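The structure appears right after this line, and notes come after that.
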């Protein structure tokens, strides 16, 4: 049975032999070109080449790991953590778990969001008309300050677009009020046991035109509107004759 001193001397002898072999290999590599070294590395393989030049992991001198002694003032206080390790953001792990459980969905096409109601939508976003009116006022002021013709044209187009949207919203709300009146009149007829009259599309359109005519007449814009219609119809006629 070999003693510990004999085994240690044997290991030292083996290590010295390995060092001599590595030194001899390094000396041979010094006389070789870079291309020859790369070719040798490809033939032997990266692992074998590294062991031949640097030696095996067991033979390499390893640095002893520094023991981190984390201090605390007394046993009841939390341990002081090293500043070299990045501290995770507060609640980051919970946020990652929460993200995994979140189901992404588009409310426009999801049944869970309920059915679309145009009336509810228009009522909830009625304030947008006021915002548009304010924007029109701001654009009017800007139009007086601008001198560039192209920019003036762009501002006028934007103003007209906003005004048209507000006009369409007003028309929609007026139409809805009219429909509510019709429904309430029909319901009253039903309650009295009478046969109600249901307006056709043609009758409703004629009624809307009469109401529009009366409104233009009262505001003094009838002549201007009629002139505009006349020009529009004349342009249509000219186009139709030209095609024929």
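Any Cβ shown, glycine's included, is placed from N, Cα and C.
Just so you know, TrEMBL annotations are computer predictions that nobody has curated.
Bear in mind that the values here come from a model prediction, so they are computed numbers and not experimental data.
Features as listed in TrEMBL:
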type	residues	note
COMPBIAS	1-10	compositional bias 'Low complexity'
REGION	1-30	region 'Disordered'
REGION	52-94	region 'Disordered'
COMPBIAS	66-83	compositional bias 'Basic and acidic residues'
REGION	166-201	region 'Disordered'
COMPBIAS	179-192	compositional bias 'Basic and acidic residues'
REGION	217-244	region 'Disordered'
COMPBIAS	222-233	compositional bias 'Basic residues'
COMPBIAS	234-244	compositional bias 'Basic and acidic residues'
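Secondary structure of the compositional bias 'Basic residues' (222-233) per DSSP, as helix, strand and coil residue counts: 12 helix, 0 strand, 0 coil. Break the compositional bias 'Basic and acidic residues' (234-244) down by DSSP state and the numbers are 10 helix, 0 strand, 1 coil. Secondary structure of the region 'Disordered' (166-201) per DSSP (helix as H, G, I; strand as E, B; remaining residues coil): 27 helix, 0 strand, 9 coil.
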